[in-house]
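Residues or ranges marked as ATP binding site in Swiss-Prot (evidence: sequence analysis): Phe68, Asp69, Glu70, Ile71, Pro72, Tyr73, Asp74, Trp75, Tyr76, Lys94. Residues annotated as domain 'Protein kinase' in Swiss-Prot: 62-356.
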Amino acid sequence: MEWWKKKSLRAIIKRERLVRGHERGGTLLEEIIKSCNGKANPIKIFSADQILEATDTFSESNRVSELFDEIPYDWYYSGKNNNHHHHHKLLLIKKWRYRFSEHNGGNFCRDIAISSIVSGHKNFMQLVGCCLESEHPVLVYRASKKPTSLDLKMVVSWRQRLKIAEEIATALAYLHTAFPRPFVYRILRLEDILLDDEDGVAKLCNFSYCVSIPQGETFVKLGNGCIGGDYDYMDDNYLINGIVSEKTDAFGFGIFMQKLLMGEERFHELCYDRSDLTTFENRRKFAKCIDEIVDSNMLEKIGDVTEEERCRMEAFIVLSERCIGLRGEVPKMVEVAKELKRFLRDSSSSCGETSL
């Protein structure tokens with residue numbers, strides 16, 4: 001009778017999965033209506049068995065990203081679609097770090113809803129579908145090759161870091177301007193930026209914590225229980241008052257720019273005191289030259305830096321300071337993206353495609 005017990009167990013598991021999928025489908029529909037006015041693009045719903053087959057049961061050999069600092073961020077796996085009638089053969093599969101619950105289900109469904117409407121933009125991952133049946137919900141993206149998580153220790157080229165900054169600024173600007181109700185990304189993390197192995201394009205993912213700003217308003221105020229994120233990237237108005245606006249993203253991006261130029265270790269050496277935002281600015285002024293600020297790994301890769309490129313790095317720092325509010329009015333992300341695009345264009349034309 002052992003075979004009968006196994007058959008009964010499989011039937012129970014299948015029934016539980018179907019119930020979970022049905023319940024979560026309702027939550028997803030509510031989030032699509034709430035966040036996207038019901039206009040999300042159609043996506044494929046994968047079964048749990050299809051996901052297990054695509055990832056070889058989430059094998060370690062298929063994992064793209066590891067845990068960061070022992071904090072359980074989302075796990076990414078490469079996978080193959082074995083359906084010969086489906087166009088997307090290579091897949092990137094994101095296994096959500098938490099089990100789906102009444103408390104966090106809205107975040108997961110928001111990730112799906114917003115991912116679906118930004119999929120056509122080159123600086124976002126293209127969403128193929130999702131799996132609502134699994135205990136840990138899953139998102140499925142199209143992948144040309146195996147993408148990698150952004151690791152500043154591996155990205156040592158100045159031009160590549162400049163390109164990443166321009167592409168993420170463009171992604172944030174798109175969220176702020178492309179929809180009737182602007183989206184604020186809110187919680188920027190290096191772990192949510194993936195690099196396409198085929199062309200090195202930086203892509204922003206994970207919209208779990210996005211906030212939409214009502215039409216005619218410039219901010220929303222969150223309750224204390226909703227305030228969260230990486231402390232480095234949180235401006236005081238958000239951290240203390242729960243105010244979320246486009247400036248929330250500008251601040252986080254300004255910190256991201258500084259980490260791109262300095263590297264994580266040097267950033268924390270210069271910017272350890274968040275009680276005084278001028279700490280970095282003052283320390284930078286005491287530095288004798290740009291060499292004392294820029295990531296040493298990147299400088300080693302560059303070799304001799306031209307005076308023109310040093311000036312461009314200085315301008316990059318100044319732009320980051322504007323984003324975090326140290327130099328007058330905080331710029332819109334559209335302006336930041338345009339400025340970075342100019343930096344990138346000037347760097348390419350003046351230095352060619354080799355030295356940096």
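Counting starts with 1 at the first residue shown.
From the backbone N, Cα and C atoms, a Cβ is placed for every residue, glycine too.
Here the structure is a predicted model, which means the values were calculated and not measured.
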On average, residues of the domain 'Protein kinase' (62-356) score a pLDDT of 83
DSSP output for Asp74 (ATP binding site) maps to coil
Least Cβ-crowded entry, counting other Cβ within 10 Å, from the binding-site residues listed as Asp74, Tyr76: Asp74
